[in-house]
Amino acid sequence: MSDSGDAQPQDGGNSSSSRGKSPSVGNRVTVVLGAQWGDEGKGKVVDLLAQDADMVCRCQGGNNAGHTVVVDSVEYDFHLLPSGIINPKVTAFIGNGVVIHLPGLFEEAEKNVRKGKGLEGWESRLIISDRAHIVFDFHQAVDGVQEQERQQQAGKNLGTTKKGIGPVYSAKAARSGLRICDLLADFQEFSERFKHLASQYKSMYPSLEIDVDGELEKLKSYVDRIKPMVRDGVFFMYEALHGDPKRILVEGANAALLDIDFGTYPFVTSSNCTVGGVCTGLGMPPQNVGEVYGVVKAYTTRVGIGAFPTEQSNETGELLQTRGKEVGVTTGRKRRCGWLDLVLIKYAHMINGFTALALTKLDILDVLPEIKVGVAYKVNGETIPHFPANQEVLQKVEVEYETLPGWSTDTSAVRTFEELPENAKKYVCFIEDRLGVPVKWIGVGKSRESMIQLF
């Protein structure tokens, strides 16, 4: 104590050495997001970036997503696992925003292990957030029943993947969901809550058949297998961001136009697949978001129903579908195809703030004599400056196109921008100029080598 009886700091009261200084930001994450309706080739971009990454994360969605990665001529399919796990040096993290169907997780891993060496030792490389919600078999059954009801009542369904994603996110919002941390705590308490949730669904859908004891038995069998993988996700992420320098990659599932808030509602998924979902789905602040790469297919595709302004229900659409082998990885459904829509991508950019783009499947356009690009929407003859929220309005928009000359040259063997045909270069530059975002990669084939890097 000082003589005055008042212990005063020597610097006149400014005792905090950190006051007025911003705390250090730490490592920044690189984010890869779909800029259209999904199936843009995000897995390929992630696979490319994962070669140098230390950590690859999933922040939202469940096994409704489908990513295909080709390594050493082996085609691996990922739905729930971050596809970067294919790199043996990578730690894969499934964040709290992801919903996990445990049988699906292990089936997916085992299926890929049988295909090739890429996934050997995956269990020691996977970390799961304790706050992630669990998808139960009955969520998947409910998904199917809800689709049937929608079909009967309105004559149209949402085209869900029937993986239980909507029902589990609904349960999460209604605060009746169960999480990984609940499964690993008191199993008796977990069982009670599980039974209560099952009975709620039974009362809503009397035709629903739920094998409560069978499913609980199955869930109990996963406890010891997943326990070593589970961590407090927030603490784990904080340590990763503020520890040694690390290259951290976030692999977005689904895409901007499927986002629950910003997508073509109601024909959307049940999570935020735009950049905001990265922070809420991993438990990290926005200042740790670094590069945000938007993945754009050189034309547009969509699975299921919903407005699609540039859709080509004609020979062009069929050509794109056939040449692009446009069939869903998760559903096996044929994708609807149409011209590139820059109104839609500009909208996705407004939300996500893309720092660069990956333009995929350019080679699919190789045979077209001319290529159209949607550049504006008109409603009642008036150009509108925004992307309509209302589905009925979006159904009615008239698309204004710019027609560009094709290049009628096979680009699949091209490995540098300079080697591309002149008109293909012009197509890329046209996209960059209209969006004000640089194209960093151009995809001209399935393999890793067929991604041309521009800078």
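Glycine is no exception: its Cβ is also placed from the backbone N, Cα and C atoms.
As given in Swiss-Prot:
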ACT_SITE  D39  active site, proton acceptor
ACT_SITE  H67  active site, proton donor
BINDING   38-44, 66-68, R335, 361-363, 443-446  GTP binding site
BINDING   D39, G66  Mg(2+) binding site
BINDING   D39, V329, T330, T331, G332, R333, K334, R335  substrate binding site
BINDING   D39, E40, G41, K42, N64, A65, G66, H67, T161, R175, N254, T269, R333  IMP binding site
COMPBIAS  12-25  compositional bias 'Low complexity'
REGION    1-25  region 'Disordered'
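Sequence features annotated in Swiss-Prot and their locations in the structure.
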residue : record                 : DSSP class
G38     : GTP binding site       : coil
N64     : IMP binding site       : coil
T161    : IMP binding site       : coil
K334    : substrate binding site : strand
L362    : GTP binding site       : helix
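Look at V444 (GTP binding site): DSSP puts it in coil. For the pair K44 (GTP binding site) and N64 (IMP binding site), the Cα-Cα distance reads 18 Å.
Among the recorded positions G38, D39, G66, T68, R333, V444, the ones whose Cα sits within 10 Å of the Cα of N254 (IMP binding site) are G38, D39, G66, in sequence order.
Summarising the environment of G41 (GTP binding site), the number of other Cβ atoms within 10 Å of its Cβ, over all protein chains shown, is 23. Of the residues the record lists as binding IMP, namely D39, E40, G41, K42, N64, A65, G66, H67, T161, R175, N254, T269, R333, the two whose Cα atoms sit farthest apart are 34 Å from each other.
When the Cα of R333 (substrate binding site) is compared against those of the recorded positions D39, G41, H67, the shortest separation belongs to D39. D39 (active site, proton acceptor) has a Cβ environment of 28 other Cβ atoms inside 10 Å. Candidate binding-site residues: K44, K334, R335. Fewest other C-beta atoms within 10 angstroms, K334. The two recorded residues, G41 (GTP binding site) and T331 (substrate binding site), show a Cα separation of 16 Å. Other Cβ atoms within 10 Å of the Cβ of V329 (substrate binding site), summed over all protein chains shown, number 16. Using Cα positions, the member of the recorded positions D39, T161, T331, G332, R335 nearest to V444 (GTP binding site) is identified as D39.
Residue with the densest Cβ environment among the recorded positions H67, R333: H67, by other Cβ atoms within 10 Å.
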